[in-house]
């Protein structure tokens, strides 16, 4: 007697009409985002590219527009002030990115182990991230200002504390540290989620094999959360290049030009000097730099990111 082979049940094949209906629903649900993206990101981006090759000022008649080619870019690279602001952007990023990555991981690691009032501590660390940046800047300007209660108290005790936001050498790293305090909550939460996904069996196996606490962190935990580290590294670098509100609210680019990074210079060029084309060219240069840095990271991830 021959036995019939059991065949796997096949799902019902959707008709082309049903498939088209599903596609219409899909487009309907994403259309609000697409409209928003097109109006507020896509069109301005294309306009910025076009204007960077024209002679557009804040108020320019259409019949006076001229194609100037790469003249705006040449002016930028010949302008020492703009090049100095680009250098300060890299300096700011070199302080901000490693600091927010390390502090975010350490906070997540501590909270993941369990501390007293863990949920309260987590909320307190995350609270600055959802706070208004201008309000945060006002608080720090008061705390670090010349008439700050802390500064006055230290002077009364015989100390001579520096005015961090008014010091030419310390202003930029101070702003970077304040930005880290403001944004580290997000990194902490993302890292915390990644740490909770690390299999406990792997850590226990390493412990049984005689691995020290540091070796377990270095050889097991850090490689397991490397995709999260990669994501946060890219987003932190992009954020460091885009930071404007914090610097503008704290120092307005001062003292002197000490905290005038590229983003601040772009806004000044566009809305103070009314050089719209030059500002567009500066923004395009920043976009290309960020894209190159991101591509380098993307190519290099194969060496250290474990999926």
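Glycine is no exception: its Cβ is also placed from the backbone N, Cα and C atoms.
TrEMBL annotations: computationally assigned, not manually curated.
The annotation transmembrane segment is assigned in TrEMBL to 25-54 (among others).
The domain 'ABC transmembrane type-1' feature in TrEMBL is assigned to 86-297.
Residues of the same chain lying 6 or more positions beyond the ends of the transmembrane segment (93-112) and with a Cβ under 8 Å from any Cβ of it are 118, 121-122, 125, 172-173, 176-177, 179-180, 183-184, 186-192, 194-196, 217, 221, 229, 232-233, 236-237, 239-241, 243. Annotation source TrEMBL lists transmembrane segment at 93-112 (among others).
Residues or ranges marked as transmembrane segment by TrEMBL: 124-144 (among others).
For the transmembrane segment (170-192), the list of distant contacts is 88, 91-92, 95-96, 99-101, 103-105, 107-109, 111-112, 122, 125-131, 133, 136-137, 140, 144, 162, 164, 225, 228, 231-232, 236, 239-240, 243, 246-247, 250-251, 254-255, 258-259: same-chain residues at least six beyond its ends, Cβ to Cβ under 8 Å. Feature annotation from TrEMBL assigns transmembrane segment to 170-192 (among others).
What TrEMBL records for 220-241 (among others) is transmembrane segment.
Within its own chain, the transmembrane segment (279-298) is flanked in space by residues 47-49, 51-52, 56, 72-73, 76, 82, 86, 89, 230, 233-234, 237-238, 241, 262-263, 265-267, 269-270, which lie at least six positions past its ends and keep a Cβ under 8 Å from the stretch. The transmembrane segment annotation in TrEMBL covers 279-298 (among others).
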